[in-house]
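Engineer: Take a look at this one; I'll ask things after.
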Amino acid sequence: MDSSLLSAPIASIGVPTEIKADELRVALTPDGVKELVTKGLEVRVQAGAGAGAGIGDEAFADAGAKLVKREEAWAAHLVVKVKEPQEEEFGLLRQDMVLFTYLHLAAYPKVGEALLNAGTTGVGYETVQLENGSLPLLAPMSEIAGRLAAQVGAHLLERPHGGRGLLIGGCTGVQPARVVVLGAGTVGWNAARLAAAMDAEVMLLDRSPERLRSLEARRRGRLISVVNSRGLLERLIPTADLLIGAVLTPGGRAPTLVDEEMVKQMKPNSVIVDVAIDQGGCVATSQETTHTHPTVTIHGVQHYAVGNMPGAVPFTSTEALVSVTLPYILGIAGRGLEEAVTERPELLSGLNTIQGSVCHPGVAKALGLPPRHPMACLR
Ligand SMILES: NC(=O)C1=CN([C@@H]2O[C@H](COP(=O)(O)OP(=O)(O)OC[C@H]3O[C@@H](n4cnc5c(N)ncnc54)[C@H](O)[C@@H]3O)[C@@H](O)[C@H]2O)C=CC1
Ligand SMILES: CC(=O)C(=O)O
């Protein structure tokens, strides 16, 4: 095993064009490129990679990037992306490469297998976790996805979009829609507060009373927070017009809080937005959809489960993503992965695979493989 890649600075950074369905974000902005190039690093951007986010090749070139073909971007020793590698990209994975991107291996075990077979070191944005439990590289996309969940849900409740024909906030003298949000983390809170701002009646559920207490002072409108239980879900879900799934166990598969029987009890043409689909989804009947074909109707309920929701707003989400990933990219490339982990210990939990081993306990459990301690893999 060649461990020099992990202990030495990485001189070349590649930014390929995203190829997941309807994914329009790009992993670096021209300002981000400039920061890296100023530090003496080489940044190779695939020509056209920024088009979806409104960033032209010229802007990248002016910032100091080399515009290259796909294979050259992937040939870099640090490849930064937005989404997990797609099957067409599996052949481009190598051992002498650190891949820094959203991986969501619990939901995409084939990607895990490909990384392990190739011996690629995969650092997942979504499992980089600070000591206080927060997820700094997931948070901005969760903010965006939460807000989108309320917007999309409101839209899907309208009759021409397949919904029951409800205005989410009702109107004077007429009851608003009832929105049930499962999980009061970043996605859940943002979805709930936007739905409440649209005058919906919102029930926000979480297993953690402490989390709900921390939100108390910020609660506005018709927003009620409750600690969830199976019995409560059984009573509440049949009353929901819009159900939003937003629970997470970092690295692991999302718990199935809503089984098929509960879905059958929902009102005809009600809506489920399962944001947690990128970790497998928290509704038994959810299956991943795309922005082009965003919904499927199962038991009379519209299911929206797009795995890359922020991809719909690439102008907003590219900036937001790079604002949090850039310091880590600088650290990994400028000082090497080992030293970057020492400087920013939260990176340790970002390590999902290292040269053929799984090294995140949640990911390992989801993949049914034994975890190795990341420090043991690094050294
Ligand atoms: N589909 C998409 O495009 C996107 C999906 N996401 C996903 O949304 C999900 C939520 O993300 P965040 O809000 O950032 O996570 P978070 O960690 O901020 O919040 C998750 C919440 O779920 C709660 N929870 C966990 N298990 C629970 C259970 N059994 N019952 C009730 N509550 C439970 C936790 O207490 C926590 O408050 C994740 O799967 C994330 O990957 C995030 C962004 C975009
Ligand atoms: C977090 C995630 O899955 C996304 O931004 O696409």
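For all residues, glycine too, the Cβ spot is worked out from N, Cα and C.
Annotations in TrEMBL come from automatic prediction, not curation.
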Engineer: According to TrEMBL, ASP206, ARG211, VAL247, LEU248, VAL275, ALA276, ILE277, ASP278, VAL306, GLY307, ASN308, MET309 bind NAD(+); which one of SER134, SER142, SER357 is listed for that same site?
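Structural biologist: TrEMBL lists ASP206, ARG211, VAL247, LEU248, VAL275, ALA276, ILE277, ASP278, VAL306, GLY307, ASN308, MET309 binding NAD(+), and from SER134, SER142, SER357 it also lists SER142.
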Engineer: From ARG25, LYS83, HIS104, ASP278, which recorded positions have a C-beta atom under 6 Å away from some atom of ligand 1?
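Structural biologist: Result: ASP278.
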Engineer: For LYS83 (substrate binding site), which residues in the same chain are close in space, meaning a Cβ under 8 Å from its Cβ, but six or more apart along the sequence?
Structural biologist: GLU18, LYS20, GLU23, THR101, TYR102, ASN308, GLY311
Engineer: Per DSSP, what is the residue tally for the domain 'Alanine dehydrogenase/pyridine nucleotide transhydrogenase N-terminal' (14-145) in helix, strand and coil?
Structural biologist: 49 helix, 21 strand, 62 coil
Engineer: The record lists SER142, ASP206, ARG211, VAL247, LEU248, VAL275, ALA276, ILE277, ASP278, VAL306, GLY307, ASN308, MET309 as binding NAD(+). What's the largest Cα to Cα distance among them, in Å, rounded to a whole number?
Structural biologist: 26
Engineer: Select the most exposed residue of ARG25, HIS104, where exposure means the fewest other Cβ atoms within 10 Å, treating these as the recorded positions.
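Structural biologist: Lowest Cβ count within 10 Å among the recorded positions (ARG25, HIS104) is HIS104.
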Engineer: Restricting to the domain 'Alanine dehydrogenase/pyridine nucleotide transhydrogenase N-terminal' (14-145), what is the model's mean pLDDT?
Structural biologist: 98
Engineer: Using Cα coordinates, what distance in whole Å links MET309 (NAD(+) binding site) and HIS104 (active site, proton donor/acceptor)?
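Structural biologist: Answer for this pair: 14 Å between alpha carbons.
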